[in-house]
Amino acid sequence: MTTALSVNLNKVALVRNTRHLGIPSVTRAATICLEAGAHGITVHPRPDARHIRADDVRELHALLKQWPQAEFNIEGNPFHNLMDFVRELRPQQATFVPDSEGQFTSDHGWNLAVDGERVKPLIAQAKALGVRVSLFMDADPAAMPLAKAVGADRVELYTEPYAAAWGTPRQQDELQRFAAAAKAAQAAGLGVNAGHDLSRDNLTDFLRAVPGVQEVSIGHALISDALELGYAATIRAYLQAMGRAGQ
Ligand SMILES: CC(=O)[C@@H](O)[C@H](O)COP(=O)(O)O
Ligand SMILES: NCC(=O)COP(=O)(O)O
């Protein structure tokens with residue numbers, strides 16, 4: 001099975017928002033990622049619009065019509081602004097994340113023993129619109145049957161604890177825990193996605209150890225790598241521009 005790579009463009013928008021120039025362009029970033037072979041685009045339009053804004057979500061949705069194989073994954077809290085995007089745009093996938101408004105970054109999955117009953121009708125609503133629903137979940141095998149019971153199609157395993165343990169003596173224990181959670185999800189009839197702080201360094205070990213991951217969504221490390229891998233070519237381009245002035 002091939003794991004799909006969905007590129008999270010939040011951080012491109014974060015830089016763009018520090019000026020009124022429209023650069024770096026979120027849609028151009030999406031085009032370059034898809035042309036390079038990425039399988040999808042992820043955004044997390046937070047209620048405070050600190051990075052991805054509503055217009056970005058609409059423009060990406062329009063752009064992705066030119067990429068019928070690519071998937072658009074919109075993340076967010078369905079009790080805040082996510083359902084508006086789901087109803088308006090019907091992306092291929094909505095990832096429900098239990099973040100508070102203004103949260104620094106996502107740092108936990110759903111507690112379905114508490115939120116399951118109120119999240120259930122929103123999952124049904126999204127699915128009735130043809131939108132696949134993935135629930136952002138901690139890697140707790142016991143919680144997976146609950147995710148199935150409330151109607152989710154997939155779970156996205158919250159991988160920050162694995163990323164933090166990577167390269168330390170805790171790495172193997174974390175990998176075992178994530179593998180057990182993935183197996184429990186699959187046994188319950190759910191698909192498995194994964195994301196948060198995945199990187200070029202920690203991704204290979206994760207995909208080797210955790211079976212059947214259908215999609216990884218990666219933003220922070222990937223966009224940071226794109227900057228670092230791009231510095232040298234960019235300096236050459238600027239020196240050429242200066243050279244054309246005879247310098
Ligand atoms: C759900 C998740 O783990 C990440 O997508 C997270 O949404 C990243 O959000 P920020 O880019 O705002 O940190
Ligand atoms: N769902 C996780 C995601 O989209 C990206 O998270 P990160 O790589 O920015 O931590």
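Every residue gets a Cβ built from N, Cα and C, even glycine.
Heads up, TrEMBL stuff is auto-annotated, nobody curated it.
According to TrEMBL, the residue from Thr105, Thr159, Thr168 that belongs to the 1-deoxy-D-xylulose 5-phosphate site alongside Arg46, His51 is Thr105.
By neighbour count, meaning other C-beta atoms within 10 Å, the densest spot among the recorded positions Glu75, Glu156, Asp197 is Glu156. Within the set of binding-site residues Arg19, Arg46, His51, Thr105, no residue has a CB atom less than 6 Å from any atom of ligand 2. Take the mean position of the Cβ atoms of Arg46, His51, Thr105, the recorded 1-deoxy-D-xylulose 5-phosphate site; other residues of that chain with a Cβ within 8 Å of it are Asn10, Leu14, His44, Asp48, Arg50, Ile52, Gln103.
Counting in whole angstrom, His196 (active site, proton donor) lies 8 from Gly219 (3-amino-2-oxopropyl phosphate binding site) by their C-alpha atoms.
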